[in-house]
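K.L.:
These came from TrEMBL, pasted as-is:
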COMPBIAS  334-347  compositional bias 'Basic and acidic residues'
COMPBIAS  348-365  compositional bias 'Polar residues'
REGION    334-365  region 'Disordered'
TRANSMEM  45-63  transmembrane segment
TRANSMEM  83-105  transmembrane segment
TRANSMEM  112-134  transmembrane segment
TRANSMEM  140-163  transmembrane segment
TRANSMEM  175-196  transmembrane segment
TRANSMEM  208-230  transmembrane segment
TRANSMEM  242-263  transmembrane segment
TRANSMEM  306-326  transmembrane segment
Amino acid sequence: MQTYLLSQQFNTRSLAENSTVCPANATICNGTSCVLLEDNFNETLSVVLSTVLTILLALVMFSMGCNVELQKFWAHIKRPWGIFVGFLCQFGIMPLTAFLLSLAFNVLPIQAVVVLIMGCCPGGTASNVIAYWVEGDMDLSISMTTCSTLFAMGMMPLCLFIYTKMWTDSNAIVLPYDSIGISLVSLVIPVSFGMYVNHKWPTKAKVILKVGSIVGAVLIVLIAVVGGILYKGSWVITPKLWIIGTIFPAAGYTLGFILARLAGLPWHRCRTVSLETGMQNTQLCSTIVQLSFTPEQLELMFTFPLIYSIFQLLFALLILLGYRVYRRHRVKTKTDVEKTEEKEDAKSVSSHAKINGGFISNETK
C-alpha cells in the first residue's frame with residue numbers, strides 16, 4: 001500500500017502530555033514525522049457509485065425502452081435529421097462553449113482542460129428520463145444518446161485535440177474507451193429488451209414505464225445528493241469554476257433548443273434536443289479526470305463534474321416545472337375556449353330554431 005511522509009513538528013512537552021498528537025491513522029510516528037496511509041476515499045467512492053449507478057441506470061433504461069417503438073426508432077436512423085442536429089449540438093456547441101467560457105473566465109490551464117473534457121463528453125442517460133417527463137420524443141432521445149456515445153469514441157479525441165492545444169498536450173488526457181463501451185452496452189442492451197417487451201406485451205410495458213420513470217427521477221436526484229455529501233473536499237473549488245458550472249449547462253439547454261428550432265424541428269423534438277445537449281455524461285468526465293491527472297492537480301478541479309451534474313439537474317427540473325405549468329395553463333385555456341365555442345354554437349342553433357320554427361335537440365341544451 002502506498003504511503004506518503006507528512007512532516008510535522010511536534011512540541012516535546014505536548015508529546016509528553018498528550019500521546020494522541022499523531023493522527024489516528026498514522027502507521028509510524030517517530031519524533032518529528034508521521035507516516036500516513038494514502039487517502040483513497042474519493043477514488044473508492046467513485047468506483048462504488050459508478051458500479052451502482054451503471055446497474056440502476058440499466059434498469060431505468062430498460063423501462064425507458066418500453067416507451068420506444070421499433071418502427072419510429074428505425075425511422076430516426078434512416079432519416080437522421082434530428083440525430084444530425086443533436087450531433088452538431090453535442091460535439092459542436094458544447095466543446096465551443098466550454099472553450100469560450102474557459103477563455104472568458106481566464107481559469108488555470110488544468111481547470112480549462114476539465115471544463116473542455118466535460119464539453120466533449122457524450123449525452124447522459126438522465127436526459128432520457130427528463131425527456132419522458134416533458135413529453136419529448138423518446139425515440140429521438142434514446143437514438144441521440146446511443147449515437148452520441150458511439151460517436152464519442154472518435155469525436156472526443158478530435159475535439160480535445162482541437163481545443164486543448166493552448167493549455168496542454170491532448171496526448172496527456174487518457175480516454176477510457178472501456179468506460180465508453182460499458183456506457184454504450186448498458187444503454188443499448190436494456191433499451192433493446194424494453195423495446196421487445198413493448199412489442200410483445202404493450203400493456204405490461206406501460207406499467208414498467210411508469211414505475212421506471214419515477215425510479216429514474218428519484219435516482220438522478222439521489223446520486224447528486226449522495227455525491228455532494230460524501231465526496232471529501234467536494235466544495236473546495238475556485239469561484240470561477242462554480243460560475244462556469246452554473247452557466248455551462250444553462251447555455252447547453254438554451255443553445256440546443258435554439259439550434260433545433262432553427263433546423264425546423266417540432267417543439268417536442270426541440271425539447272428533446274435541448275435536454276440531450278445540456279445533460280452530459282458527468283460520470284465519464286470524472287473517470288477521465290481521475291485517470292489523467294495527479295492527486296495534486298485533482299485538488300484544483302476534481303469537483304467540477306459534480307458541480308456541473310448538480311446544476312444540470314437543477315435546470316432540468318426548472319425546465320420540467322416550466323413545461324408542466326405551461327401544459328396546465330394551455331389545457332385550461334383550451335378548455336375554456338371550447339366551452340365558450342359550445343355556448344356560442346348553442347345560442348346560434350337556438351336562435352335559428354326560433355326563427356324557422358324548428359326544434360332544439362338535447363345535445364345543444
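For all residues, glycine too, the Cβ spot is worked out from N, Cα and C.
Predicted automatically and left uncurated, TrEMBL annotations should be read as such.
Quick one: where do these features end up spatially?
P.N.:
Listed by sequence, the residues of this chain that lie at least six past the ends of the transmembrane segment (83-105) yet keep a Cβ under 8 A from its Cβ atoms are 76-77, 111-112, 115-116, 118-120, 122-123, 140, 143-144, 147-148, 151, 155, 159, 162-163, 167, 240, 243-244, 247-248, 251-252, 255-256, 259-260, 263, 265, 273, 276-277, 280.
Counting residues 6+ beyond its ends, the transmembrane segment (175-196) has Cβ neighbours under 8 Å at 54, 57-59, 61-70, 73, 122, 125, 142, 145-146, 149-150, 152-153, 156-157, 160, 205, 208, 281, 284, 287-288, 291 in the same chain.
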K.L.:
What else in the chain is close to the transmembrane segment (306-326), if you only count residues 6 or more beyond its ends and a Cβ gap under 8 Å?
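P.N.:
The answer is 118, 126-127, 130, 133-135, 220-221, 223-224, 227-228, 231, 234, 237, 241-242, 245-246, 248-250, 252-253, 271, 274-275, 278-280, 282, 285-286.
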K.L.:
Is it the case that the transmembrane segment (140-163) and the transmembrane segment (112-134) touch, counting contact as three or more CB pairs under 8 Å in which the residues of each pair are 6 or more positions apart?
P.N.:
yes
